[in-house]
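Structure, as structure tokens:
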Amino acid sequence: MSEGWNVLEVVLRAVAVLAAFLVLPLLVGQTEHKVMAHMQGRLGPMYAGGFHGWAQLVADAVKFIQKEDITPARADRGVFRLAPFVALIPYLVAMAVVPLSPTIVGADVPGSALLVLAATGVGIIGTLMGGWASASKYSMLGAMRAAAQLVSYELPMVLAVASVALAAGTLSMVGIAEAWTPWWLLWQAPGAFVFLVAALAELQRPPFDMPIADSELVFGIFTEYTGLRFAFFLLAEYAGIVLFSLIFSVLWLGGWAGPFEAGLGWLWTILKAYAIAVLMIWLRVSWPRLREDQLQRLAWVWLVPIALLQLAITAVGVVMMR
Amino acid sequence: MTETAVSHRSSRQRALTVGVGAGGLATADMVLNIGPQHPATHGVLRLRIVVDGERIVTAEPIIGYMHRGAEKLFEVRDYRQIVVLANRHDWLSAFSNELGVVLGVEQMLGMEVPERAVWARTALAELNRVLSHLMFLGSYPLELGAITPVFYAFREREELQAVLEEVSGGRMHYMFNRVGGLKEDLPAGWLGRVDKAIVNVRKRLPSLEHLLVGNEILEARTKGVGVLARETALSYGVSGPIARASGVDVDLRRDAPYLAYGELFGPNGPGRVVTREAGDSLARLEVLLEQTRVSLDIAEACLDRLIQLQPGPINVKLPKVLKVPEGEIYCATENPLGFNGYFLVSRGDKTPWRLKLRSASFNNVAVLTEMLPGQLISDMVSILGSMFFVVGDVDK
């Protein structure tokens, strides 16, 4: 009997994670539509669904489903068709271990911070596959840029997470959030900054959207994609925003720490993550795009040294407070 | 970073002359067609570039996808109809294009244009310049990945287009010039509404400027990128804001005054020629921003004068068949993008025997062959956007 209950629990948890994975990115996407529009003196979607275009993304999804699924004749068929899933699924895996509160978590594993970093690192392979398999020069250049970008954000990101893990003395995200105190806002601020910049680069969001760069590479790696596969790449991007905002919220903003923590902890985590997502949107609205080599310069001249310095500061802090 | 980039580039170039990879990684050049359909070419300009990785080895602008035979068509249209054709090649500065034709014809006819028409034309030409500049101030950042400035620019454009639409009925191809003046008189109260529009635009221009000037990323993408040397600019006949950004201090409004520019660019006039020495993309953008302000000032001065002028005609009554006496004339105007000249040869017919069009963008795009080699694809977009061209103006 208990065997059956366990299976049911796993299934329910998986469904819940999947639901969050499908709904939260739409929320961020709709926010982007509206926030960006109002920052630019526009209204954004106003018709779909009636009230302020709330169903715009649902309508978009319906449209994407109807589109013909084209694989270019000279594309590497299998790789081309697989790529969007390779880009998308790692984020789903990572989402499963990100806690909203000590109890609300898909799967509470001891080294969740490590697992999240490892899983998200795989997503980029989908991008590279798509770029390579498209048999298009623009896609190829985009993929090369994505690869070049990879070397600049992975290290700072890992170092930034290492710092909070060191501060909390655990690799469990729940453990890190439990160990968080408001004092971290100052103590871990450099690391937080590094993580945020690196996350933007990993997500290929402006100002680091060089692999897509619509004005330079048409649409970079996504140039040849249509319909649902294209939609999956887009979903991967927004799922990525949700994921990294949640990670930021849990690791640097204390996640569920706030008034009525016991009951409303999950809401605090989500609200904090939402603020970070809006920040990412805001950056997209305000800034132009950097050049690939400029991102690398930024990473190696600023992000890596700052992250290392943060690690040293954290180490000193941990020793002194013990 | 720049040092390594330079040494890197020279080794790459050496490798190319030898034809094999120089010791290190063997690289193969790739031909990449930018255009005719590409987001960065504003239409159908095509660049065939050879790239080594992302580094451009050679670049060749291939033009003519939008060639509409304007010059040949001029020869079978009478002078009224020519204005329709002539305002189309640079669709962002239709009014200024019309102007060149009618000014040339008026000079050949020895026609005296009413003073009110002169000042009204000057005001409209400057408003048209602001419209064109605003367009590029919006689209250039877009090419650099900044998606917001274009909306700010279009808000201001809308304000000015409203008054231009009111006076001419057109939002793009105004068709408001006639040989001998303007099509019809200015509507009652229009001057006040233009004044208000100018005040509004000037008031809100800083919000657009703040998105661009001083932004570190924008500077990183434009400063020192695509430097056009003064000599190169001169030898290719580059003109307009691009030439002035390279330190070529030439502006036909001041140097060969037409309309009311002689007075406006004279002592105590609001007109001044904006120049920069750097010659890079940033300088070109700065010239455009500054010129927008100057043009607003000039337009305002014209409005002030128009209010003071006595009521009178705004055009000259034309004969039913307009024939231009035998002769030839070259009439150039300072269009938003540079020199726009018409070489008009008449054999005394009602159509020109030949009407040669010298458009600004043609020369400004030709110089890309010199500017692009050695640049990255990203910088190519930064350069292309800052050359402020209109494909119709290239292809005629």
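Cβ atoms are placed via backbone N, Cα and C, with glycine included.
Copied from TrEMBL, the annotated features are:
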TRANSMEM  A:12-29  transmembrane segment
TRANSMEM  A:82-101  transmembrane segment
TRANSMEM  A:113-135  transmembrane segment
TRANSMEM  A:155-177  transmembrane segment
TRANSMEM  A:183-201  transmembrane segment
TRANSMEM  A:230-253  transmembrane segment
TRANSMEM  A:265-287  transmembrane segment
TRANSMEM  A:299-321  transmembrane segment
Segment proximity, the transmembrane segment (A:265-287) to the transmembrane segment (A:155-177), 3 or more C-beta pairs under 8 Å: no
Contact between the transmembrane segment (A:265-287) and the transmembrane segment (A:82-101) (at least 3 Cβ pairs under 8 Å, separation 6+): yes
Proximity verdict for the transmembrane segment (A:12-29) and the transmembrane segment (A:299-321), three or more C-beta pairs under 8 Å: no
Stretch contact, the transmembrane segment (A:82-101) with the transmembrane segment (A:230-253), Cβ-Cβ under 8 Å, 3+ pairs: yes
Close approaches to the transmembrane segment (A:299-321) from elsewhere in its chain (Cβ under 8 angstroms; 6 or more beyond its ends): 151-153, 155-156, 159-160, 162-164, 166-167, 169, 187-188, 190-191, 193-194, 197-198, 201
